[in-house]
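> Below is one structure. I have some questions about it.
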Amino acid sequence: MFARLPRPVRYLLQILFVVGATAVANFFLLKLVPGDLVDVIAAENSGITPAHVAELRLAYGLDQSVLAQLGYYLKSLASLDLGYSFRYGEPVATLIFGRLPATLALIGTGLALSVVLGVLLGVLAARRPHGLLDTLLSALATAGYSAPMFWTALMLIVGFGVHLDWLPVGGIRDVGAAYQGWALWLDHARHLALPVATVAIYYVAIYARLSRASMIETLQEDYIRTARARGNGEARVIWRHALRNAILPVVTMLGLQSSALLGGSIVVETVFAWPGLGQLSFEAIASRDVNLLLGILLMSAALVAVMNIAVDATYGWLDPRVRKA
């Protein structure tokens with residue numbers, strides 16, 4: 001029955017199921033963590049009385065059972081209400097959508113750069129396996145994904161921000177600068193350079209190794225031999241005939257790593273003081289702002305679901321057999 005539904009309807013149902021299941025799971029997991037918002041408020045105000053603590057729990061609904069709190073939360077979600085951030089004093093939706101563009105810019109740019117460079121380097125390495133270029137690229141790739149992201153970020157800050165003083169090391173723009181037009185975009189690009197480089201160094205290494213192995217295997221297929229026998233040049237054989245099938249594992253890995261990429265953005269955004277969802281989630285955890293953290297996790301689940309659907313659509317475009325399945 002589900003398979004007979006139109007593809008857009010199936011995608012929408014998948015997103016709703018993933019988001020709903022994630023919302024319930026995250027709610028229960030956060031309730032298992034010791035402490036809550038009232039405990040944080042009490043720790044910050046040493047003179048608070050037990051009576052005031054009880055009033056706060058009553059005001060925030062924390063005196064109710066977990067199931068009652070879950071029911072109220074799901075009812076709010078059904079009306080597209082993500083709740084209120086008690087730490088920031090603003091609606092959760094306002095905070096999330098205010099920070100979302102910065103995270104999308106970081107992840108989108110880093111992901112695009114990683115895929116393009118990773119596939120390009122992997123194809124170049126696969127043309128002459130175990131040659132000098134292949135050995136050099138393999139060594140660099142191993143070093144790239146072996147280094148933790150926070151270490152890479154710190155090294156880039158020291159090198160390009162401190163010693164060379166070429167790029168800014170934090171924030172999304174120069175504070176107090178009244179840039180407009182292209183000057184504003186250039187300022188954002190300069191601040192984005194080091195965070196994107198941190199993400200790209202790690203993921204370029206992964207995609208380069210994966211595309212290299214896939215390209216070596218693809219170049220041994222019978223249809224590649226046929227293309228060569230027809231007199232096609234090596235460049236045409238690789239870029240027109242082999243690449244389409246060779247990048248299928250890269251597309252698959254892209255979907256699997258979408259959640260890890262969002263998780264990694266927390267480290268990158270914290271190191272570079274990048275005002276995105278990663279930094280906001282770190283602040284929400286530190287302040288026990290459950291409503292805000294639930295909203296961020298819900299948005300992250302929706303983004304991962306959308307990214308995986310986009311990967312499925314790309315897979316079907318690259319391999320027509322998938323569309324017919």
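Residue 1 is the first one shown; counting continues down the chain.
The backbone N, Cα and C atoms fix where each Cβ goes, and this holds for glycine too.
As annotated by TrEMBL, transmembrane segment applies to 12-30, 104-124, 136-160, 192-210, 246-272, 292-318. The annotation domain 'ABC transmembrane type-1' is assigned in TrEMBL to 100-315.
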> Applying the under-8 angstroms CB criterion, which one of 104-124, 246-272, 292-318 scores highest with the transmembrane segment (192-210)?
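Top-ranked stretch among 104-124, 246-272, 292-318: 104-124.
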> Out of 12-30, 104-124, 246-272, which stretch touches the transmembrane segment (136-160) the most, going by CB pairs under 8 Å?
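Comparing 12-30, 104-124, 246-272: 246-272 has the most Cβ pairs near the transmembrane segment (136-160).
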